[in-house]
Amino acid sequence: MKFIVKLFPEIMMKSKPVRMRFTKMLETNIRNVLKKVDETAKVKREWDKIMVLVPDDRQDLVEAFAERLACIPGIAHVLQVSESTFESVDDIYQQTLAVYKDELAGKTFCVRVKRVGNHDFRSIEVERYVGGGLNQFTEAAGVRLKNPDMTINLEIDKESLYLVSKRIEGLGGYPMATQEDVLSLISGGFDSGVSSYQFIKRGSRTHYCFFNLGGDQHEIGVKQVAYHLWQKYGESHKVKFISIPFDPVVTEILEKIDNGQMGVILKRMMMRAAAKVARKMGIQALVTGEAMGQVSSQTLTNLSIIDRCTDQLILRPLIAMDKQDIINLSRKIGTEDLSKSIPEYCGVISQRPTVKAVLSKIEAEELKFSEDLIDRVIEAAEVIDIREIATSMDTKITSTETVGDINSGEVIIDVRAPEEEEQSPLEVEGVEVKAIPFFRLATKFADLDKSKTYLLYCDRGVMSKLQALYLQEQGYDNVKVYRP
């Protein structure tokens, strides 16, 4: 069994050297991701596609490979195929009949053929021959070229025949690291998660800069969002997570700044700090989740004034998107439930925000700040490899017990994503196991029996630890981490 990975159309339009570079990078990215599933994963690059081979004795890898290929930037779609050779058009028909005869019963169908190489027949001739044979010698309801119940896809590549059993839509976009790095200002809300995803999809290694205004509980929630985005869509490359303690800045704003100017000035201070961090990391652009008119600081006048605080390029991929469209996309990429549980801190500091700030007034207010304020908070920033999030939390989860044995009455909560849980469900004899995905646990945990102790489980022990800390900060002491 094989997967045929089809390149995103914009890659196909590039010049030969650029297309080759992008395809090589995509091959490397696929290999990096799949080798985390199975070390023996075989990936082969061709001019117009990439082949992923699944050994006949490892069919257990099919679903895992398919799931990960669907989330790698640069892929238009993936075809799950079985490969064989053929001698004639009739041989192609006979092989197709053997595979699809039973499945066609009572259904309308059409046959679609794509062909590469020199043959003594055309693609349409194969479609007619195979379609006519299937219509005559199966119990199909007939041929229907538009909107059939079933489409039989065949790919012919020189002497090879590929019978397509499944088509999996890809993420699109460009392969990771074919574009320059960006630093995304992430708050954990709907907007910043979606804007980060947009640049991952577009091929940029997306690092995360978080301004902590709400303590450890806020930080752990944001780390969950960032880790989820990286693990699902950008796992092929290392990125950094930077946490900047911004409460000293907020304190000075509340004590010294005119109330109406607070929102714009807070954003300008964030941009200044992020720009300094980006320059240290050799990153040219910042990414934010701002959308025009969504809040008072996001009018065109205010955005223009915010931009003037730095010469760093500031990118806003959501600038013209409606809020509901942003929420819908966050649901699609798996961050909606995580973002729902994270409060928005920026909006609470100004009661009468200006929607049309004046630059001279803003600059006059900013003279009230301590001169070294930004440098001090950057100096106190925590910079970690996003893969080390679990390790970094070990020092904070001092009261969370990690257990390998289960006591009577304890309940296991499997916090893995639904597709992972379905692929390899956790079963422990004599123990109740509840499947609650990590992104729903924050809202579902309050409904559980408070008299019981819950053991959180995931494959790597990362999300279970993050969720344990999060729940403990909310006041729950009946939670542990389960590592069998």
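Note that Cβ sites are derived from N, Cα and C of the backbone, with glycine treated the same way.
When Swiss-Prot records L185, I186, K267, G289 as binding ATP, the matching candidate from Q217, Q298 it lists for that site is Q298.
Secondary structure of the domain 'Rhodanese' (406-484), assigned with DSSP and counted as helix (H, G, I), strand (E, B) and coil, comes to 28 helix, 15 strand, 36 coil. When the Cα atoms are compared, G289 (ATP binding site) and C458 (disulfide bond) turn out to be 30 Å apart. Annotated pair K267 (ATP binding site) and C458 (disulfide bond), C-alpha to C-alpha distance, rounded: 37 Å. Of all Cβ atoms in the shown protein chains, 22 besides its own fall within 10 Å of the Cβ of L185 (ATP binding site). In space, I186 is the closest of the binding-site residues L185, I186, Q298 to C458 (disulfide bond), judged by Cα positions.
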